[in-house]
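S.K.: Below are the features listed in Swiss-Prot for this protein:
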type    : residues                                                                                       : note
BINDING : Arg197, Lys198, Gly199, Lys200, Thr317, Ser533                                                 : CoA binding site
BINDING : Gly393, Glu394, Pro395, Asp417, Thr418, Trp419, Trp420, Gln421, Thr422, Asp510, Arg525, Arg536 : ATP binding site
BINDING : His549, Val552                                                                                 : Mg(2+) binding site
MOD_RES : Lys623                                                                                         : N6-acetyllysine
Amino acid sequence: MQLDDDLEFAKKIFNPNRAFAKQARIKNMCEYKDLVHEANENYENFWGELAKQKLTWFKPFDKVLNSDNAPFFKWFENGKINVSYNCIDRHLKDKKNKVAIIFEGEMGDYNAITYRKLHSEVNKTANLLKNEFNIKKGDRVIIYMPMIAESVYMMLACTRIGAIHSIVFAGFSPEALRDRINDAQAKLVITADGTFRKGKPYMLKPALDKALANNTCPSVEKTLIVIRNAKEIDYVRGRDFVYNEMVNYQSDKCEPEMMDSEDPLFLLYTSGSTGKPKGVQHSSAGYLLWAQMTMEWVFDIRDNDNFWCTADIGWITGHTYVVYGPLACGATTLILEGTMSYPDYGRWWRMIEEYRVDKFYTSPTAIRMLHAKGENEPSKYNLDSLKVLGTVGEPINPTAWKWFYEKIGNSQCSIVDTWWQTETGGHIISPLPGATPIRASCATLPLPGIHAEVLNEDGSKTKPGEQGFLCITKPWPSMIRNIWGDEKRYIDSYFSQIQLNGEYVYLSGDGAIVDENGYITIIGRTDDIVNVSGHRIGTAEVESAISKHEMVVECAVVGIPDTIKGEGLFAFVVLCDGAKCNLGESLELLKEMNHILAVEIGKIAKLDNVMYVPGLPKTRSGKIMRRILKSIVKKEPITQDLSTLEDVNVVKEIINIAQMEE
């Protein structure tokens with residue numbers, strides 16, 4: 001399918017809105033370049049001054065950056081801080097009656113939570129975790145929750161007492177939930193009875209019951225359940241407790257735990273190319289500093305702004321730009337339960353009109369869906385409150401960018417096409433809305449203090465227009481600190497492939513092109529990760545799940561372009577000897593494999609197409625050559641070296657099958 005379907009438009013340059021630029025924090029490219037120069041001249045002083053100015057410390061740090069044990073970098077060493085204090089308490093002096101969170105439920109219910117109310121609810125929740133569940137500093141708490149205000153209370157309550165939270169996306173299966181509970185060795189799991197989705201109750205507690213069945217998660221002592229949709233659920237005596245009944249008996253005073261700068265703030269599991277999810281570990285001070293700075297620079301957040309990021313808290317975007325970033329700035333953040341399509345495709349635009357949203361941040365998949373399903377819906381609403389639009393999670397194609405720019409932003413709003421990852425904690429490459437001339441589908445320039453470069457495998461810089469590996473060549477405060485419990489995997493995944501001046505640099509796994517102006521365009525993954533609707537899915541875990549089907553001998557999964565999701569999943573499947581597959585059986589097999597994927601991973605992992613083949617192209621060492629399969633799917637000529645293949649004829653047979661199926 002053709003994604004970049006308006007290439008002429010993609011060549012146009014759009015300058016920032018002049019009226020907006022005049023009052024922006026960074027008003028022009030000269031100011032941007034001054035900040036870049038300042039960071040380059042004295043890197044540690046640049047970050048140290050930002051940390052002193054922007055964060056509230058219980059005890060000042062005495063060293064900005066410690067690289068002695070690289071790549072296990074330490075930032076703001078020996079400083080003492082608490083993230084919940086920085087997100088709530090420090091705002092109470094002059095913002096206690098300001099709305100911190102606007103929540104809108106799927107069924108039309110609404111709640112505005114002030115900073116004073118947030119302080120009270122978080123403290124009561126923190127006391128509940130301490131007093132009734134014996135949660136202490138360093139304990140891991142799994143949060144398997146929908147998009148409701150209580151989810152934020154749980155996150156901030158953990159940070160207040162020094163517990164490490166790990167949020168599992170509420171769409172993940174019991175098996176995926178179990179894997180994450182066990183890897184984190186979580187002591188407590190917090191969930192809801194359910195939520196509302198498309199106007200109907202959607203249950204979560206039964207999935208937790210399955211995950212914990214037969215004592216398969218021995219570290220879990222108790223579970224805490226928030227009653228949301230009030231549907232009947234099963235309770236296990238002595239294990240399951242109801243939040244709503246217990247929290248009101250707790251004091252609303254809870255002193256924040258004094259945390260070291262480098263104490264883990266949270267774990268967030270992301271897909272790994274080897275199949276087992278990786279527990280990305282983030283620190284307290286460095287992560288929060290960059291969450292706040294990117295809110296100020298990239299979104300130019302203002303005191304009277306209503307900020308809406310549509311991401312789920314189960315993803316890093318929800319962590320940084322629904323919760324920690326906006327609240328660190330003392331801003332107002334919106335939380336929406338349910339889907340964009342209920343009761344109709346005008347829901348999001350209606351919310352922007354009703355709440356006078358100033359800054360709006362969403363995914364290209366959502367934009368493409370809204371464009372395809374409700375192209376004329378935006379014209380029914382007043383969207384003139386919008387000042388900055390943002391995209392996240394995947395590259396955005398020019399047609400979607402154009403519609404977003406013209407129809408949602410009325411050709412007046414800068415679009416900040418942000419590139420970053422779970423591992424980076426916050427934005428790495430992005431336009432600045434008051435300064436950067438923008439181009440459709442281009443992430444533009446690294447932010448001040450960030451050294452992002454496009455390199456060849458030998459560490460040399462690519463020439464303009466050449467594709468290379470996107471790397472970050474200097475440490476930054478919000479970077480991943482480790483993979484939970486697996487230092488070797490941390491090094492192997494990020495710091496083992498490309499060297500610059502004899503030192504391994506951070507390898508993002510994304511391919512990119514830099515132009516003669518230094519603008520960076522993201523091409524997509526270079527490893528075995530597929531980006532479906534902005535969600536990273538490892539092909540290894542998909543293949544592992546499919547292989548559980550009794551008729552499947554082996555399989556290989558690759559990403560394919562999709563006009564709505566960005567990428568879809570295409571499987572090459574080898575069936576058992578003698579197994580035949582007519583059209584009807586093929587469709588039934590596809591249905592069965594997708595059922596397995598829904599159970600093993602979740603409904604976000606769904607095969608869009610399958611091809612039944614006699615074998616897979618493998619090297620003599622047994623490695624599947626997925627690049628060849630990608631070329632076949634895209635109908636591109638096979639340019640890869642086939643001399644290392646065990647059986648070259650397999651490629652010819654697959655090409656013949658592909659041509660027959662056209």
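Every residue gets a Cβ built from N, Cα and C, even glycine.
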S.K.: Thr422 (ATP binding site): which of the binding-site residues Arg197, Lys198, Lys200, His549, Val552 have a C-alpha within 10 angstroms of it?
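M.R.: The binding-site residues passing the 10 Å Cα test: none.
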S.K.: Of the residues named as CoA binders, Arg197, Lys198, Gly199, Lys200, Thr317, Ser533, how far apart in Å are the Cα atoms of the most distant pair?
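M.R.: It comes out at 26 Å between the most distant Cα atoms.
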S.K.: Using a 10 Å radius around its CB, how many other CB atoms surround Pro395 (ATP binding site)?
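M.R.: I count 23 other Cβ atoms within 10 Å of it.
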S.K.: If I restrict to non-local contacts, at least six residues apart, and a C-beta distance under 8 angstroms, what lies near Thr317 (CoA binding site) in its own chain?
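M.R.: The answer is Cys309, Ala311, Tyr361, Val392, Gly393, Gly534.
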S.K.: Nearest to Trp420 (ATP binding site) in three-dimensional space, by Cα, is which of the binding-site residues Arg197, Gly199, Lys200, Ser533, Val552?
M.R.: Ser533
S.K.: With every protein chain in view, what's the tally of Cβ atoms within 10 Å of the Cβ of Gly199 (CoA binding site), excluding that atom itself?
M.R.: 11
S.K.: I want to verify one value. Collapsing DSSP to three states, which class is His549 (Mg(2+) binding site)?
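M.R.: Its secondary structure by DSSP: coil.
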S.K.: In whole Å, how far is Thr418 (ATP binding site) from Arg197 (CoA binding site) when you measure between their Cα atoms?
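M.R.: The Cα atom of Arg197 (CoA binding site) is 28 Å away from the Cα atom of Thr418 (ATP binding site).
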S.K.: Among all protein chains shown, how many Cβ atoms are found within 10 Å of the Cβ of Thr422 (ATP binding site), not counting that one?
M.R.: 19
S.K.: Return the residues near His549 (Mg(2+) binding site), defined as same-chain residues 6+ apart in sequence whose C-beta is under 8 angstroms from its C-beta, sorted by sequence, else 'none'.
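M.R.: In sequence order, the residues whose Cβ lies under 8 Å from that of His549 (Mg(2+) binding site) (at least 6 apart) are Leu589, Glu592, Met593, Ile596.
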S.K.: Using all protein chains in view, find how many other C-beta atoms are within 10 Å of the C-beta of Thr418 (ATP binding site).
M.R.: 24
S.K.: Just to be sure I understand the packing, how many Cβ atoms besides its own are within 10 Å of the Cβ of Trp420 (ATP binding site)?
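M.R.: The answer is 26.
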S.K.: So for Arg197 (CoA binding site), how many other CB atoms are inside 10 Å of its CB?
M.R.: 18
S.K.: I need the least crowded one of these binding-site residues (Gly393, Arg525), counting other C-beta atoms within 10 angstroms of each C-beta.
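M.R.: Among the binding-site residues Gly393, Arg525, the sparsest Cβ neighbourhood within 10 Å belongs to Arg525.
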S.K.: About how far apart, in whole Å, are the alpha carbons (Cα) of Pro395 (ATP binding site) and Gly199 (CoA binding site)?
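M.R.: Distance (Cα to Cα, whole Å): 31 Å.
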